Amino acid sequence: MNQTWRTHLQSKLQQLHEREQYRNLHVTEQAEETWLIRDEKRMLNLASNNYLGLAGDERLKEAAIACTRKYGTGATASRLVVGNYSLYEEVERSICDWKGTEKALVVNSGYTANIGVISSLVSRHDIVFSDKLNHASIVDGIILSGAEHKRYGHNDLDHLEKLLKTASPEKRKLIVTDTVFSMDGDTAYLRELVELKEKYGAILIVDEAHASGIYGIGGAGLSHIEDLAQKIDIHMGTFSKALGCYGAYLTGDAIYIEYLHNMMRSFIFTTALPPGTLGAVQKAIEIVQEDHKRRENLIANGEYFRSKLRDAGFNIGNSSTHIVPIVVGSNENALRFSKRLQEAGIAAIAIRPPTVPINSSRIRFAVTSQHTIADLKWAIDRIIHIAKEEELFV
């Protein structure tokens, strides 16, 4: 290996160790279950995105197997070549019916959706206004686009309006936000964002990754709770979280989607999703609309878990969903807390910069519809006990 490169990479890795930001891969089995196996130890799973417990659902498995047997294991090409199976059009029609939109585009992941949609729609001549706590894929899409990037304080609508008011009237404007923020568990003020985008002639993109399948009518997303869906220009959502599958979608007015499938590089220059994945996705979309009980259980479990941790004195920020952080400050605190929790049989992972701002390292808990109150109480008792021993109330 080239010695200059070796020295450079070793130096960068050493810096990560010194900042306690080095990350390891841990062998995990049965992550689709309420109890998983991590490093050969059985733990209560409070770390996954399998919010409705569908990743292990037999109906999804059977749908995936049936489509794999019929169409094979791979798409064989990009969608614009010969990879556009009829399954794609079926899934996209289902998304439009579910979301009440004109047209949809299925893509390979939430990350490729966000970097693709933003970098396709705007360029160095435009401005993007982005919440400070938006997902990294949104930030990367803005960087890739070359557009002017204006970050407003988290959920700070006054700051956003000030930025919109002072922006050049010559430039096209795009506002983008998560609906449920993945590391904080709070939600965007969608009604006010719609008002601002209309007032200042912007378009609005929302990332429903952690809301799709859970909130709104039939689990269509947070934007459907307040009947705002038709006023939002483009919705992005994933199949990899509440729907228990893989992939993502973009949906909105037909002209947006037509433009994206012609211009979005992360869609054009990649092989399509496997047919088995699409079969599972189609079944998952059907299930989440019909199975109200799973969604109700998830929301109730989130309320229970949040209230108990808040009452115990933990800093859980403004979480109002199934994602519940305990903010502990330093990287060292988060790593120590995570280690003790895993030793006690709780799969809970330390989240550190650059994923979250400096000095806001945390344990990110994610409850699911499949957890019982007994599971959560068992975990809460251990969380409180360990935090007291380690003096980790912040």
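Yeah, the Cβs are placed from backbone N, Cα and C, and that goes for glycine too.
Swiss-Prot names R23, T355 for binding substrate. Of H125, H135, H235, H261, the residue it gives for the same site is H135. For the pyridoxal 5'-phosphate site that Swiss-Prot gives as G110, Y111, D207, E208, A209, H210, T238, F239, S240, K241, the extra residue drawn from S86, S130, S182 is S182. In this structure the C-alpha atoms belonging to T355 (substrate binding site) and K241 (pyridoxal 5'-phosphate binding site) are separated by 18 Å.
Residues G110, Y111, S182, D207, E208, A209, H210, T238, F239, S240, K241 are the ones the record ties to pyridoxal 5'-phosphate, and the longest Cα gap between any two of them is 15 Å.
In sequence order, T179, V180, G221, L222, S223, H235, M236, G237 make up the list of same-chain residues 6 or more apart from E208 (pyridoxal 5'-phosphate binding site) whose Cβ falls under 8 Å from its Cβ. When the Cα atoms are compared, K241 (pyridoxal 5'-phosphate binding site) and H135 (substrate binding site) turn out to be 15 Å apart.
Other Cβ atoms within 10 Å of the Cβ of H210 (pyridoxal 5'-phosphate binding site), summed over all protein chains shown, number 30.
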